[in-house]
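Data block below; observations after.
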Amino acid sequence: MTGELSPIDKAKFVAAKRAADLVEDGMRVGLGTGSTAAWLVRCLGDMVRKEGLKMRGVPTSTRTAQLAREVGIEVITLDEARWLDITIDGADEFDGDLNLIKGGGGALLQEKIVATASDQMVVIADLGKEVSRLGAFPLPVEVIPFGWQTTQALLEETLISMDVLGRTATLRMNGDTPFVTDEGNHILDLHLQRIGNARQLALVLNQIPGVVENGLFIDICDTVVVGHGDGRVEIRDINQGTVEHDRLDFVESDNLFTDLAD
């Protein structure tokens, strides 16, 4: 039941439900990856089944694609869509300029490609994801498997000259083996603690041989929908400079997501 969800899960639910209202008939929608984005996919699936919403989704990972199909969303590829009306995704951190750290779910490469191929990117989050300065959450960097330890050493050497507090890179694991992305790559998590110049860091990291992409999303996000455990929602639009307040009531039948609770 909805009442059994934690305040954080309630916050994710109301943010996802409010963001789903931004999707209109005929839209091509980028579908993010991760626990928060999964709530959004379920909300959209509910609208497809119960309200007849006509939309097509471009998933950013195989597991998002599987979930989208399960809830009745028509799934197409980005090349089939060519361009997207909106992408809705979660974030590991966002700052006051709506710059993001993403990739905690391991899909940062496809997430960034899909987000930049969209007219607008909307992030759904709980208030705990907001930070004054990025960097407390480890920054994911996707690297090719060949020579990943050399790439790791190059990353740590590069960080010496960057405005960050920490400079350790660790290989993300999946049990006893390295985590493998949908594209067959590894992820190195950079433990930076604080990032002084995120824009500069994003550019520098991608110049290192072996690096495919990093999890800094700079000037990509247009709107963040922040959910609260009591049903309050804030919609912050960085382009319009506006903050809209809303409130969603919890109804027990609304909770389609007990299996997604963290």
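Along the chain as shown, the residues are counted starting at 1.
Cβ atoms are placed via backbone N, Cα and C, with glycine included.
All protein chains shown were included, and the count of other CB atoms within 10 Å of the CB of GLU111 (active site, proton acceptor) stands at 32. GLU111 (active site, proton acceptor) carries a helical DSSP state (H, G or I). What Swiss-Prot records for GLU111 is active site, proton acceptor, and it gives sequence analysis as the kind of evidence.
Around GLY104 (substrate binding site), the C-beta neighbours below 8 angstroms that are at least 6 residues distant in the chain are GLY34, ASP92, PHE137, PRO140. The feature substrate binding site is assigned by Swiss-Prot to THR33, GLY34, SER35, THR36, ASP89, GLY90, ALA91, ASP92, LYS102, GLY103, GLY104, GLY105, LYS129, with sequence analysis given as support.
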List nothing but the largest Cα to Cα distance in Å, as a whole number, among the residues THR33, GLY34, SER35, THR36, ASP89, GLY90, ALA91, ASP92, LYS102, GLY103, GLY104, GLY105, LYS129 that the record says bind substrate.
16
Between THR33, SER35, which of the binding-site residues has its C-beta surrounded by the fewest other C-beta atoms within 10 Å?
SER35
Sequence-distant neighbours of LYS129 (substrate binding site) in its chain (C-beta under 8 A, six or more apart):
GLY90, ALA91, ASP92, GLU93, PHE94
